[in-house]
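Below: one structure, written as structure tokens.
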Amino acid sequence: MFKTARRGLIKGAVAAMVMGLGLSATGTYAQAETTLKIVPHSDLKILDPIWTTAYISRNHGYMIYDTLFALDESGNIQPQMVDTVTTSDDGLTITMTLRDGLAWHDGAPVTAADCVASIKRWGSKDAMGQKMMSFVDSLEATDEKTITFKLNAQTGLVTLALAKPSSNVPFMMPERIANTPSSEQISEFIGSGPFVFNQEAWEPGTKIVYDKFEGYVPRSEPASGLAGGKVAKVDRVEWLPIRDQQQAVNALKAGELDYIEGLPHDLLPLVEGDENIKLVDFNPAGNQFTFRFNVLHPPFDNPKMRQALLYALNQEDFLQAQIGNADYYKACKAMFGCGMPFETDAHMDGLLESNFDKARELIKEAGYDGTPILLMHSTDLAVLTNLAPVAKDLMEAVGLNVDMQSMDWQTLVARRAKKEAIADGGWNAFITSWTAGDLFNPVAMAFLNSSCETALFGWPCDEKIEGLRDAFARATTKEEQLKIVEDVQGAWFEYPTHIHLGQWNQATATRSNIDGVLPTGAAVFWNISKN
Amino acid sequence: MFSYLLRRLLATIPVMLLVAVFVFMLLRLTPGDPAAIIAGDYANDAQIAEIRSKLGLDKPLPVQFMVWLGNMFQGDFGESFFYKKQVGELIAARLEPTLSLSLLTIILTVCIAVPLGTLAAYRQGSWLDRGIMGFSVLGFSLPVFVIGYILIYVFSIQLGWLPVQGYQRISDGVGGWLLRLILPSVALSVIFVAFIARMTRTSVLEVLGEDYIRTARAKGQTESKVLMHHAVRNAAVPIVTVIGLSFAILIGGVVVTESVFNLPGLGLLTVEAVLARDFPTIQAVILLFSFIYVLINLAIDVSYTLLDPRIRY
């Protein structure tokens, strides 16, 4: 009796102490009304989405900035901050009027001068922006709300480039911020997007906080892709980078988190079948694995050797080895992505089917002398790890001598920038992955840029491809553009710059009370509600 | 004593300088280019070179070193390449979780390991002794992340008693702070309990065989008094040394635990900085770890004089 009473007393005392301390598994934070807690695909380090092409900075951009145009779910260009667009009869003057009610997070109205400065900064940094600006004679704010482009030639590139969905996205910033040279990072983070960056609450490496922008006036159209009304349906979004994805899954299952961006495929079985969790895909167009050549050094300085790989490789082996689950990948011969606006199989017959005989024939014709091919193998990004060994096997099957060197991704990033000979730290090939939004046309696709010195690492150099990219930029109709895309694939076959190794998707896991994830191609958080 | 302390503190200067040179050179010799990482996937050669120049990485190494050293003497550890924040600020924000975790772990460890080790020595050869030593072997053998995952599965996912991950600052409430540190400190303390319990057992065993213990017993003192006043006290010097070193190891070695439990401490900061080649942050964190090691060693040495009156400096 006494023992029972004493135990009761002890329990009571412990309970009182626990309550006094405010112990609870959910913590004692003062929370905003509705807080969406998400695990982004990586930590946000750089806050200037024009300075870097990192996807996490792009996603940060979508939180706080807005764009003049955007692509809808079907890949069509729609006005976003813009109300009306008019093009002169000769096609050389484009006038855009901003819609009413646009305001910066500091309360100032958005003006055409702000947008002009933003376009100029982006246009000096981004490859597609540079191409667009090459058509621009003058770009001016002709009044508070009107932006006027005077062009030196007709082009369909202006609105297409301003609707660019992935890095670098032409985000609009106040003029004083956009006047920062593109070689320097901005230090003030004021946008006109649906969320405000809460700089005081930012804990680098730990927590990034965005609050709903009460002054945002969304478009009246329903949200579609990156276009339409951007309605913030939660009061706060917290990005909580967690390195250990297994732990992120545990926290999601325990209800501590609402959303994990891009769940690794091997962790899917842990959440499949859990009624509290659902899987969504905000990027149905997916991603594309890409094999990149360095054309500066033998043997890939010879286009025939690169063509040999077009025959030697096949997409299924790579996709099977890396993704494994057929629900999350598809072989796709279209360079510009399946399900994308410029999808075509032109000039792809017989390629990417592991036709070893044809590959050996081309290697023989190229006079390959057994020079070792230095293939860089990234080991610390789970989504790339298994690809290089597959490439090595397939290349060796056609008689190539492959020296596969394993390294962490950051070492690879540093090495791929080196033009030196292999013996001095150079390289021949590596494999990476792009999101479909980066590949959707010949101007946007960075690996197709064949402008020699100014091309991306790998430095392809081909006048024909460059001529076709220019022609694409000049084209003003979709039909014209599609025809050029077909020709581009033909030119690419003659002068391969890279090889696409198949399309893959990645599920995002959310709690089942989360609704409204949009198919945008990037992780955006407007339209999402927490019920 | 004062002159001893002064001498030891002065001796830290060349040590820290050597560490500084070593860390600086090691980082520059490591493959990887922070400019290429910052620039992102689309950047061309010119853009990378421009960033490299902005970061001062295009200057000769001796110049870079002297600039860094000069700034450090003025208390400026530089700016993180990535976060564009002062490294001192970043470190200050990460100190609290690491120190909290280390302190709680070491308190838990001492409270469990010293009594266990003493008991094992006192009951040498008994089932209790074997049981404790068996646990000790197990504690050594289990990696901390395995223990962490098991604890999370049982206490967070199955029972829902404790949070899976995350940290709450002590200023936001002691309760939440403690709650989030229970699992990580228990997971981390297992290996240290195993280590210190063994060490305590060995030291106490050695002392228990001394003549003065026999004399104390012959004088009719109780066993508890013999054990606490004579045995443990005389065995304290090696035990305190191990506890001190364990604390130093904890501060610099909680990377895995911080990663498993998503605690935003110095360990995670170091890993992130290394992966991103954030030179200023790595350099400052390693210097800080070295300085903490030196200070803890000094504290251990000073503690000897309190534990053993025969030791004088």
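A Cβ is built for glycine as well, from the same backbone N, Cα and C atoms used for every other residue.
Just so you know, TrEMBL annotations are computer predictions that nobody has curated.
Annotation comment: TrEMBL describes B:9-27 (among others) as transmembrane segment.
Sequence annotations record features per position, and here TrEMBL assigns domain 'ABC transmembrane type-1' to B:95-300.
For B:99-122 (among others), the entry in TrEMBL reads transmembrane segment. Proximity of distant same-chain residues to the transmembrane segment (B:99-122), defined by a Cβ-Cβ separation under 8 Å and at least 6 residues beyond the stretch ends, is recorded for 128-129, 132-133, 170, 177, 181, 184-186, 188-189, 192-205, 208, 223, 227, 231-232, 239, 243, 246-247, 250-251, 254, 257-258, 263, 265.
Feature annotation from TrEMBL assigns transmembrane segment to B:134-157 (among others). When Cβ-Cβ distances below 8 Å are used as the criterion, the transmembrane segment (B:134-157) is approached by residues 163-164, 183-184, 186-188, 190-191, 193-195, 197-198, 256-257, 259-261 of the same chain, each at least six residues removed from its ends.
Annotation comment: TrEMBL describes B:177-197 (among others) as transmembrane segment.
Residues or ranges marked as transmembrane segment by TrEMBL: B:235-261 (among others).
Remote same-chain partners of the transmembrane segment (B:281-307), defined as residues 6 or more beyond its termini with a Cβ less than 8 Å from a stretch Cβ, comprise 1, 5, 8-9, 12, 15-16, 19-20, 23-24, 27, 68, 72, 77-78, 80-81, 87-88, 90-91, 233, 236-237, 240-241, 244-245, 247-248, 251-252, 266, 269-270, 273-274, 313. Annotated transmembrane segment per TrEMBL: B:281-307 (among others), in sequence order.
The recorded stretches the transmembrane segment (B:177-197) and the transmembrane segment (B:9-27) do not share 3+ CB pairs below 8 A when only pairs 6 or more apart in sequence are counted, and are therefore not in contact.
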